[in-house]
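Features as listed in Swiss-Prot:
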BINDING   HIS27, HIS75, ASP161, HIS165  Mn(2+) binding site
BINDING   HIS27, HIS75, ASP161, HIS165  Fe(3+) binding site
Amino acid sequence: AVYTLPELPYDYSALEPYISGEIMELHHDKHHKAYVDGANTALDKLAEARDKADFGAINKLEKDLAFNLAGHVNHSVFWKNMAPKGSAPERPTDELGAAIDEFFGSFDNMKAQFTAAATGIQGSGWASLVWDPLGKRINTLQFYDHQNNLPAGSIPLLQLDMWEHAFYLQYKNVKGDYVKSWWNVVNWDDVALRFSEARVA
C-alpha cells in the first residue's frame with residue numbers, strides 16, 4: 001500500500017475533557033482508516049485502467065483519489081495539530097505569533113475569524129489556517145468535504161475537522177461548543193513548525 005494510517009501521537013483519551021476518547025478512537029481507527037484504504041484502492045484501480053487502456057471510469061477514479069487522499073492528508077495534519085492541554089503553548093509566539101499579528105491584527109482576531117469559518121461551514125468540511133506561497137501570507141479557508149474550495153498550493157498549518165463524526169457524539173449539533181473546546185488542545189508548537197517549513201518550501 002502506498003498510504004498507511006499514522007499512529008496517534010497520544011492516547012485516545014489524552015485530549016479529554018475537550019474531545020472524548022470514544023470520538024478519538026472511532027475517528028482515527030474507523031474514519032481516517034477508511035480514507036487511507038480509499039486512496040489506495042483508487043490508485044490500484046487507476047493502475048488497472050492504465051494496464052487495460054480503459055479510462056471510461058476516469059472521472060470517478062480521479063474524484064475518489066482526490067476525496068480520499070485529501071481526507072488522509074487533512075487528518076494526518078489534524079492529529080499532530082493537537083496535544084494534551086498544558087503540553088504546548090496556549091498561543092503562538094515568535095515568528096508565527098508575529099505573522100498572525102501582521103496578517104490578522106492580533107491573535108484574537110485570527111481566532112475569531114477561524115472560529116467563524118469553522119462554524120459557518122454548511123455540511124461537511126474543514127476550517128484551515130494556511131500559508132499562501134503566492135501571496136506570502138497566512139489565510140483562513142473553508143474546505144468542503146475534504147478538498148473542495150482549496151486554492152492549489154496552499155499549505156495547511158492548522159486544521160479543524162468539522163465533519164459531524166468529529167464532534168457529534170459529544171457536542172451533538174452545537175458546533176460552537178466543539179470549536180471553543182478544541183482551542184484548548186491546539187498544539188502551537190506543531191503549527192509553528194509547519195509555518196517555518198512552509199515559508200521555505
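Just so you know, glycine gets a Cβ as well, placed from its N, Cα and C.
Structure coloured by features recorded in Swiss-Prot.
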residue : record              : Cβ neighbours (10 Å)
HIS27   : Mn(2+) binding site : 24
HIS75   : Mn(2+) binding site : 24
ASP161  : Mn(2+) binding site : 27
HIS165  : Mn(2+) binding site : 14
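Listed in sequence order, the residues HIS28, HIS31, HIS32, PHE78, TRP163, ALA166 complete the 8 Å Cβ shell around the Mn(2+) site centroid, once HIS27, HIS75, ASP161, HIS165 themselves are left out.
Under the three-state DSSP scheme, HIS27 (Mn(2+) binding site) falls in the helix class. In the three-state DSSP assignment, the secondary structure recorded for ASP161 (Mn(2+) binding site) is strand.
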